[in-house]
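K.L.:
Annotations per TrEMBL:
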- B:382-393: compositional bias 'Pro residues' (COMPBIAS)
- B:370-393: region 'Disordered' (REGION)
- B:12-36: transmembrane segment (TRANSMEM)
- B:82-100: transmembrane segment (TRANSMEM)
- B:131-155: transmembrane segment (TRANSMEM)
- B:162-180: transmembrane segment (TRANSMEM)
- B:210-231: transmembrane segment (TRANSMEM)
- B:258-278: transmembrane segment (TRANSMEM)
- B:298-320: transmembrane segment (TRANSMEM)
- B:332-351: transmembrane segment (TRANSMEM)
Amino acid sequence: MTFSARLRRLAGGLLLTLFAFCAGPGTEQAMAQGSSAPDISAPLAQLANDNYGDTEAALGALALSGSPAAAGVVAALADGKLVFSTSPRQVYIRGDAGLIDPLTMQPVADAPAVKPVRVNNRIRRAIDAANGALSLVSPDPAKRMEAANAVGRSRDEAALPALDVALAKEADPKVKSAMTLARASIVIGKEGISPAERIAAVDLVAAEGNQEALAILRSVPASAAPEVKQAAAAAIDAIERNLAMWSMAQNVWYGLSLGSVLLLAAIGLAITFGVMGVINMAHGEMVMLGAYTTFVVQELIRTYNPALFDLSLIIAIPLAFVFTGLIGIIIERTVIRFLYGRALETLLATWGISLILQQAIRTLFGPTNREVGAPSWMSGSFEIGQLSITYGRLWIIVFAILVFVALLATLRLTRIGLEMRAVTQNRRMAASMGIRTNWVDAATFGLGSGIAGMAGVALSQIDNVSPNLGQSYIIDSFLVVVFGGVGNLWGTLVGAMSLGVANKLLEPYAGAVLGKIALLVIVILFIQKRPRGLFALKGRSIEA
Amino acid sequence: MSTTQTRQPALLGTSGLVFLGVLVAAAVLVPILNLAISPDSAVHVPTYVVSLLGKYLTYALLALSVDLIWGYVGILSLGQGAFFALGGYAMGMYLMRQIGTRGVYGDPVLPDFMVFLNWKELPWFWYGFDWFPFAALMVLLAPGILALVFGWFAFRSRVTGVYLSIITQAMTFALLLAFFRNDMGFGGNNGLTDFKDILGFNIQSDGTRIVLFVLSALALGLGYLLCRFLVRSHFGKVLVAIRDAETRVRFTGYRAENYKLVAFVASAMLAGIAGALYVPQVGIINPSEFSPANSIEIIVWVAVGGRGTLVGAALGAVLVNYAKTYFTSGMLAPYWLFMLGGLFVAVTLFLPKGIVGTFYEWRARRRERDDIPGESPGELPGEPPLAEPKPAA
Amino acid sequence: MSDIDTLEPRTAEPAPAARKELTEALLYLDAVTVTFDGFRALNALSFTVDPGEMRAIIGPNGAGKTTMMDVITGKTRPDRGDVFFNGGTTDLTKLDETQIATLGIGRKFQKPTVFENHTVIDNLRLALKGQRRALPNIFRRESAAERERIDEIFETIRLTEHKDRLGGALSHGQKQWLEIGMLLAQDPKLLLVDEPVAGMTDAETAQTAELLREINANGHSVVVVEHDMTFVRDLGVRVMCLHEGSVLAEGTLDQVSANERVIEVYLGR
């Protein structure tokens, strides 16, 4: 999140707080700040002079007063709702119903004639500063925390007095340490600070270890003592090393995320290609059909029951599996079954099928991208250290792993899985043991296609849902399967993850396109070295 | 006299003679119908049709190059389009240099796109392309060297069948991505276009177009004869033997990888020539020529015409592309992909030997029935079982 | 100075003592072990084949017969052990299939493998000893001597009237003979023949035995792997029985079939 965005949020938060102030009775504030609410009648009187110099001075006093009522006054001034009467010389806040006394927050019974206190740019800057300073003493610890952080980031020397006041009063240890840090951030760059104090500040800031700390440490003035500069340089070095590690970790995370996408796209192929020996060039279109299933499900939900939107993906997954699985079975029964043992011919026929499916979708849904929304639990992110993790990526990784495990379990533990393995190993023997090989072929192809459909549901969240969706995955998927070793699901897993991570680790150095090219070349070279992939099945294969 | 003294069939069979006859007839008739017949006449061939036919002929040559390795060695290259495009780029670079000051920016040396990218001087790999013989050499060498390097690695480590297909596809995909980049210095997305003239002749003029058409026909004819000669030589017999039983070939003492490599490089160079003739006739070369889909489409031409029959490959290319032109220009345009897709499926299912292959089979059966002795089939014996050699346990 | 020149090759050569003993043997295998995923296909297999010798190898399924051939022809690299050819001059484990074939070791596969889309005569032409390099073969013409040699082979394998048929159109037995003919055309010093009579009629089996004896009589060493005991008896040569990757028994067929352990392996207990 950018700095300015944070400030905007801070401002929004302040307004909300103010709203609570205006609406509620004043008791809460008194409790939060203790019984001895500071007296702000002097600056209020100054405001009533409606003189820029006085107003600015009053704002300064209000900011340092630490009084909760002061916040209301400053906000009213910012909104042009602070008014004053000349006789008596007094300020009021213009509320919805009438004038309000800023000290008691009670409506004023017989309202005098009033004029707004004037504001110019100089005053506006003073208002901003006062707002920041006042939120440092806000009754809400979260607000104080945020204000401390904002001050730390702004490194505004003018905020130092307010910060010192707030620090003296602060009881919450967490907020206190944030304020100490903010103070250190300001002190580092300030002229006329003793070396010892500056080094203490450097240490404090260095402990943060992030990009901002780096920027703060670089603000040590050239005039600072050599030992300070040395300490800062050492701290910068350490942080940079640390950050490089985090950025590497972040890239690995992106790589795992890409890897799980590749895994989802390739794992169905590992079944149809690896297990059955069918080169299914229409595999990408199965993924595409899965994505369009998601689109249709969401459209129906939007039309009939918008409340279910968050469940749309959960609903789409089984539907996509069944739908693409059925399409797969139809393809197998009508085309593929005539081509077993002729791998290269399956490539041609399924390429034809992929063209037909693409064109069919283009005819039905149009050639442009369709909008597939993300349910609320897929959006947002959280942070671990310097690592930013979005929920969308996280869920896709989890989903990929679930699919992988489910597939492995299906092959290992179920009857149909046993029959599939039997048919792959020795078709004739399996047939003579009463296994209906035709049915198993259809089921296997259906399973592979169905998985591709589920992958499509996940990919609809990160890629454009268009008739060309499948095309962008087919080459990568084949490379993953071939790289990992045909006929080995674990190979597909390792292949997908290592290609994903390698891709993302290459990207910062080579750029996205060159990285991709480099990876293709690496895989091509790797296949020269190990023509049967990473996890080749060894054995006495006699070709002749 | 030896008992095994068999009659060596002539270099050309019946179908080969018919093919060359049609080609010669086209090369003579089309120019006449374009130049000597009044544009009002019904039999006049407009110039755009001449270029269209010329394009078909370059496609036919490309299909021949695929058939040489797929039909006779069993190498299903899904990257043949890359060699075609490289030949095309070599020619395109020559044509770009010929534009000279007539470009939009009028730079005497730099092509427009380089001026647009703020480049100050010509990249080293553009040197020499203003000289036609050098460009012509590069038309052969660029695809040839790529094929040599790629094939040397792949065949030596015995990458075969599906694996080879997939890495050839990865190769052309990598080139596609590379040529899309502006930094590569090949015009990026837009490719090379706006050509003005070739060897001093206006590239748009009827005369130049006729000459390019005739050259394409000539190249196709010579390419056919070359392939025919290759596949009928002892070398070619080894190729077919490799296709059918590679292990046996190795145990017989042949270096299968060297044979494959020679065929692969020859095929890449043929594709390069096809690309070089294609570019001046269509007036543009851009990275989409590298797209994997293009390479797969070439395979369909060959499959439709008849894999392992050279005449079939050429015929398939012309037929499919004629159909493409016909359908994509009319109301049926949205349905073209349905048809192309259906064609893929139908050919693999119902016509695995392709049109010409099926015709040969039918002729062979009829001869057997009528017991006509003698004449052997025009092409190499038999149709390959399309599958790679199956590993037996 | 000249000392160094003359000394160098001598010191470079390992010259193991074993070499001297095996100068006589055409093929020499010593302690060859091959493992596939923990399964020992060959277990310290040792034997020799003399020039001009014919040897029959028997053994139950999985005894390692095919793996042994794979090792000799360079298809499989042994984990351990020595394989020498030509009286110990050539280390076969360092060469690939093509080099070994060129040295003069021909192999007939268990499943008959001929070039199915070539005519019978083209099959022989391809196998015929001669130019193997790619480029020269583009312009190669058949010489009169080569034609004569092919005629001779046709007579030996009795396929003259089938010369213009496609290899794939031959019967199973004919393919076996064509493949043996192709081996002869290669003119190897050593023929490795894997189950040549599988699927043959009795008459064909007898003819094949005669054919192999004829080939052997012409100076070729032959190693035959076969299950068919009648055929092995017809060959009338020294027999070696393999079991679990090593030699179980060796001698005449009668000696080997009388061996108790051989009986145990074949019949079980």
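Placement of Cβ uses the backbone N, Cα and C atoms for every residue, glycine included.
So that I understand the layout, could you describe where these features sit and how close they are to other parts?
P.N.:
Beyond its flanks by at least six residues, the transmembrane segment (B:82-100) meets 62, 65, 108, 111-112, 126, 129-130, 132, 135, 138-140, 142-143, 146-147, 171-172, 175, 179, 186, 191-192, 194-198, 203, 267-269, 271-280, 284-285, 287, 289-290, 295 of its own chain at Cβ-Cβ distances under 8 Å.
Only residues 6 or more beyond the boundaries of the transmembrane segment (B:210-231), in the same chain, are considered here, and those with a CB under 8 A from a CB of the stretch are 11-12, 16, 19-20, 23-24, 26-27, 30-31, 34-35, 47, 50-51, 53-54, 57-58, 60-61, 64-65, 67-68, 72, 201, 239-240, 263, 266, 270, 273-274, 277, 280-281, 310-311, 314, 380.
Long-range neighbours of the transmembrane segment (B:298-320) within the same chain, counting only residues 6 or more positions beyond its ends whose Cβ lies under 8 Å from a Cβ of the stretch, are 15-16, 18-19, 56-57, 59-64, 66-68, 70-72, 76, 78, 80-81, 220, 224, 227-228, 231, 340, 343-344, 347-348, 351, 353-360, 378-380, 383-384, 386.
Tertiary neighbourhood of the transmembrane segment (B:332-351): same-chain residues 297, 300, 303-304, 320, 323-324, 358, selected by CB-CB distance under 8 Å and a gap of 6+ residues from either end.
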K.L.:
For the transmembrane segment (B:162-180), what are the same-chain contacts with Cβ under 8 Å, counting residues 6+ beyond its ends?
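P.N.:
Distant Cβ neighbours of the transmembrane segment (B:162-180) are 75-82, 85, 89, 150, 154, 186, 188-189, 191, 287-288, 290-292, 295, 388.
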